[in-house]
Structures are given as C-alpha cells and as structure tokens.
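Engineer: Please find one structure pasted underneath; my questions will follow.
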Amino acid sequence: FKGGDTCEYLLSSGRFLGEKVWQPHSCMMHKYKNSEAKNCLLDKHIVFIGDSRIRQLFYSFIKLINPQVKEEGNKHGNILFEDKSASIKVDFLWYPEVNGSMRQRIKSWTESSVAKPHIIVAGAATWSIKIHNGSNEALTQYKINITSIAPLLEKLAQSSDVYWVLQDPVYEDLLSESRKMITNEKIDAYNEAALRILNSSSRNSRAKVKVFSVSKLIAQETIMKSADGLHLPESSRDTNAMILMNVYCNKIMKPIDGSCCQPQPPLTLIQKLAFCFFTLSILGYLILSLIHRNNYRKNKACTDLESGEEKKPASSNPNGSTLEMLLHSFCKLGLIMTYFYLCDRANLFMKENKFYTHSSFFIPIIYILVLGVFYTENTKETKVLNREQTDEWKGWMQLVILIYHISGASTFLPVYMHIRVLVAAYLFQTGYGHFSYFWIKGDFGVYRVCQVLFRLNFLVVVLCIVMDRPYQFYYFVPLVTVWFMIIYVTLALWPQIVQKKANGNCLWHFGLLLKLICLLTCIYFLSYSQGAFEKIFSFWPLSKCFELNGNVYEWWFRWKLDRYVVFHGMLFAFIYLALQKGQMISEGKGDPLFSSRVSNVLLFISIVSFLIYSIWASSCKNKTECNELHPSVSVVQILAFILIRNIPGYIRSVYSSFFAWFGKISLELFICQYHIWLAADTKGILVLIPGYPMFNVLVSTFIFVCVAHEISQITNDLAQIVVPKDNSTLLKRLLCIAGFFSGLLLFSAMQDQSRH
C-alpha cells in the first residue's frame, strides 16, 4: 500500500491492455457518455491554452460533449465552443509559446473581478524549440518564463483545477525538415524544467498544479502511428481526453467503474451499527472462550487414585453451546465482512479494468474441464439428476460463469448467449428441485419455507448492510427467492395436489396441470405488461427490495429474461416423476435410459440442437435481439444437456467430485465474487499483488474460494439456530426477524433522508 491519491496515478502512470485500452496504475477508468459528460460539466467554463497539441486535446475533449463537432476553423487562432443545453463553455486559446503573452492571459484570470475558468489545461514547448532552432538560449528563456507563470498557476489552482500537460515525444523519422530540430532529447529537457519549477513555490500542498504526464507514456506506445511524427493519432488523443474527464468528473458523478479520483465513501449509520455488532460478537466470543477454558481447567478429568480410571467432565450446557456457536459464527463472519469492506469499499487495494481476449476465457475453461474429468467417481445412485449430478452441474456452470466475469467476456456476444443459458439452467434447477420436493414430500410447513429463505438470503442481507448496496443489486438471489415463493404458493394453494394423493386418482394429475397452466398464463401476462409488473413491486416495502437506481426496471428486465425456464423445470420434474412412477424409463446402473433406438434418436437430436443453438448465438446481431428469443429457446439447450448427460448408463453412473465440491457452495461463490474476487461491484478486478497478474489471480482466487466455503458453513450453522423445528420457538424467532427488518427499514429511511 503506497497511499496517496489515485488521481496522481491516473495522471502519471499506466499501461495498455491490447492496443487501445488504457489501464491506469491501481485504479479503474470510466468511459464517459455524452450525457454523463454534460451532467458533470453543467455550467462550467473550461479553457485549453497552448499550441497545436493542446488544440488536438481540446477537440477530443469537446467531442465527449458533442461527437458531431468537426475540427475546423483557424488553426493558429482562438476557437470557442459552447453547449447551450448544458451551459458549458470550452475555449481554446492559441498561445504556442510560454512567454509574456501567455503570462498576461493567465494573470488576468487571477484578478478578483474576472470570472475564473473552472478547468485550465495548459502546455507548450515545441514551438520554442522550432522557432529558435533548438538553441540552449531558448531553453533558458523557457525556464525564466515558466518560473514567472508558475506562481500565477498555483494561485489559480486554489479555486480551479489547473493541469500542465508535459510534452509528448516525437517520432523523429517522420518529422518534416522544418521540424527536425524538435528532438526527444530537447523535449525531455523542457519537461524536466517544467517539472522542477511547477509547484516549487506552492505553500498550500492541496492547491497544486496537476502535472499531466501520462500523455508521454501513451505517446511512447502510439507516436509511430502519427501522420507527421509530431501530433498524436486520434485514439491516443481520445484516451488523454477521457483521462482528463475522469480526473475531474469521477468525484462528482461517482461512477461504479471509475475508482480513480474517487474518495472513500463515508460510513453510513447502518454500517456503523453493523461494525459495533460484529465487534461485540468478537469480544463476546473471546470472553466466552476464556470462561469455558477456565471451567475446563477446573473440571478437567483427574485420575482416580484407587481404580486408575479417568473421570469424564460433566457435559456442557446445551444453551451455552448454542450461544457459543452463535458468537463463533458471528465472530468469523465479522472478520470476513471486514475483508469484504477493505477489498471493495476502502481504498486499500488496487482495482483494474477488465480486458477480454479469447485466450483469457477459453484457456481457463479448458484447464478446469480437464481437472473436472480427472476427479471422476461413481455416484451413490443412478437416477436422472441425482444429488451428485446436480451438484456437479451447478459446480462447472459456476466456474464457467466466474471465468466469464473475470475475463470480461460479456463483450463477446456468442459467449454471452451461452452464459445466459447457464444462468437459465440454475433457475431450471430451482423449478425442478423445489417442485420435486413439494410433490414427493408434500411438506408445505413454515419450517421448510424459512429454512430455504434463510439459506438463500442470509449472505445477501449481510452484504446489503456492510457494503451499503440494495437487495436488488445481487439480482440472482431475489430472482431465485421470488421463484421459490411462486412455486410454493402455486402448489400450496387449495387444492394441495401431491404425488401421494395423485396416485389414488389420476384426475389429480389434470388438476396439477391446470395449476401449471394458470401459472404460465400469469407469467405470460406479466412479461408483456411492464406497467402491471412495476405496480406490484413498487408498493412499499417491496420497493425497498426490488428498486435499483430509483425504479424497478432492472428487476423487470432480469425477471423477464428467464421468465419461462422455472416453469419448464417444474413441468420437466412432473413428466420425469410420472415416467419414473410408470416404470417407463430404466435407471439401473449402466443401463441406457430408454431403448437403444429411442436413446440414439434422442442423443442425435440433442447434439444437433446444441450445434444449431451455437450457430444461432454466433449469428446474433446484438444483445437485444438475442435476449428477445432467449426465454423461448434456452430450455432446448438445457433439455439437450440433461439427455446427453443421462441417457447413456455409464455417463449417468459417474460424476466429477471436483465440480460437485464447487456446486455445494455455488451460491456463495456467485455472491462473494462481487466484492472479493472482482472489484468495484463486479465492474473491475481486485488486485492484491500488483505487477503479477497470474500470481494475483491465484492468490485472490484461493482466498475467495476459502471465504465462500467458510460462509457456506456459517450459513448452515446459523440456519440451525435461527430456524428451529419447534413451531412455537420458530414463531418467536420470526417475530424477532420481523423486528430486525423493521428497524433496518427505519434506519434506511433515516439514511435516505440525510443523503437528500
């Protein structure tokens, strides 16, 4: 940890990811849209003062406000730009030399009666080298002139943002004869003089002229693509303008994926209370451990002198052990949440932008697939979608999704569409698993519902408190939670139809199908009635759970994207269990699921559908078009996979224990990645070890997986305590939980009021 301001890194250091993507050292750079630039620069006056290189930067900057601007006008004169809709003024003032004229202009802004520009970007040197033929006398005069200007710039820096742009290197082979005297050696001398003189007289360390030196690094990589050897190519100028926009606007707009120049957010009231709670839990656990240790020493087994037998200490109080388990769980959770906060809220660790390459996605995929195949074991049972197989399915899907996120593969449309199928497959399993449980067990008790809801939501609720994020931000958990409740309500409503009842009378099967048709009708209606959907989830307190950025559109979009797949999972479970009950499928070890002819036909159709989907996904023009068709076609891929995985008897009888292990903690992996593997709420990558990307990924991944596994154990331990089987005790706990959420809503309302 070097400390300091990330603005300094943004202005001075970085590297290229690929050819055009600039990565500042230690922080993430946001790509500003025109609307965002206008909102940031509303009622602002910006001045660029200098030579033709500064003019280039000026044009790239105003194109961020209005992309339609053309580079025209007097090249050796002042150029004025104004955006009346946002009251933004951006001026270029032609002062190619650091001389008395430039000093006079800058001095005029220091007078109290004159309105000062909000941002000043200045720089010049190449004209002085050219006009004076690179003489040493010109360099001496440059030092004198910049010495006289420096105090004025520093005075302006007390109320405005002032940037001095160092001179970029030139590509000497491309320079015309009239510019041959402009050498990189001369440019380095002028830059050294500017660096030494600027800020040397500054008395206020905060009011400094910011030196824009990063342009030199960018130019070193791209100047050979210059048209004349002196001026930067357009892509490099645009990068410089975007850096300038990030330096000024990030602290105003606070974009999630723009960590450069953003101050650490202050702790909210809820975060402070959470900190106190976890601190007390840690202290309570330490005190309880000391008391137990002292009691153990007093009551430890002693050897009976007559018989020589060892007497065992009295059994511990079960209430004491429950309290100890509770405090122990919260103690571990408190330490883990501290790590979460340090990774993604405190400006302690570095963050970097994602950059997609095919190798960064496909090589890790091949690697984990080889590992998965290596750890192959026999299953305990050979039924379709048995427990080991579903854990394996969730495990490899989760690993692929993690690689997809860290590699930034969402920019590659075919990969994006295949990942959408994997997310749909998770929801398919939700429909299949919960329907199968309720249909076979017939258990619609409150205990079962509370257990599922607690296990799904515990980690997310804690993260909402600690990381100050809305519930909908972790969109997948609200999605599976709502679908679980829809499945429960559909099957629990009168008449409750379960397998035991349906076996006595086949008409109950038609009754269940009628329920499923009603559910499908409701889904269809809501998917094409955004207004009705938004009204349902805009009622308080539901709105507190499902709003993101002030509306529920994101929630509607996420729900609509996979609206049919849970229903497909329920329908598949119903058909499969009916076939199993009618002994129409063979699930013996090594036996194919159907007859040889039927099995071969179904396998052929499944493989062909896989290929057709991949071809379609590759030919999609844009995400909007693909997403429209996705809800209807994703089930074909899912069913094809299930058939390929289960029809051959041998394949159904084995599973990968490697993938199954990850499958058991897949939910924790999906949620934890937001803050301790990725960074800036999944927009970037967490950097624990800078300068060594592969080693950094190995270390951060190891910690990330260990934390996810530990949280899974904590959730299971707390579920036993918070959700007991005894109904009267469970009712008391539910009242306590209701009180907790009521307090949370109250504090949240207080926070919102203080923010506004």
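Every residue, even glycine, has its Cβ placed from backbone N, Cα and C.
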Engineer: To which of the residue ranges 323-343, 659-679 does TrEMBL assign the term transmembrane segment?
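Structural biologist: Among 323-343, 659-679, the range TrEMBL annotates as transmembrane segment is 659-679.
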Engineer: Quick one: find which recorded stretch in 423-440, 506-526, 600-617, 685-709, 730-750 has the most Cβ pairs under 8 Å with the transmembrane segment (474-494).
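Structural biologist: Looking at each of 423-440, 506-526, 600-617, 685-709, 730-750 in turn, the most contacts to the transmembrane segment (474-494) are made by 423-440.
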Engineer: When you check the transmembrane segment (561-579) against the transmembrane segment (730-750), do you get at least 3 Cβ pairs under 8 Å, counting only pairs 6 or more apart in sequence?
Structural biologist: no
Engineer: Looking only at the domain 'NXPE C-terminal' (22-92), how are its residues distributed among DSSP helix, strand and coil?
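Structural biologist: Per DSSP, the residues of the domain 'NXPE C-terminal' (22-92) fall into 21 helix, 19 strand, 31 coil.
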Engineer: Counting a contact as 3 or more Cβ pairs under 8 Å, with residues at least 6 apart in sequence, do the transmembrane segment (730-750) and the transmembrane segment (269-291) touch?
Structural biologist: yes
Engineer: Same chain only, please: residues at least 6 beyond the ends of the transmembrane segment (396-417) with a C-beta under 8 Å from a C-beta of the stretch. Say none if there are none.
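Structural biologist: Sequence-distant neighbours of the transmembrane segment (396-417): 354-358, 360-361, 364-365, 368-369, 372, 423, 425-426, 614, 617-618, 620, 622-623, 626, 630, 656, 659, 662-663, 666, 669-670, 673, 677-678, 682, 685, 697.
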Engineer: Counting CB pairs under 8 Å, which listed stretch among 423-440, 452-468, 600-617, 659-679 touches the transmembrane segment (269-291) the most?
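Structural biologist: Ranked by Cβ pairs under 8 Å, first place goes to 452-468.
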Engineer: Which of 423-440, 600-617, 659-679 has the most Cβ pairs closer than 8 Å to the transmembrane segment (452-468)?
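Structural biologist: Most Cβ pairs under 8 Å with the transmembrane segment (452-468) come from 659-679.
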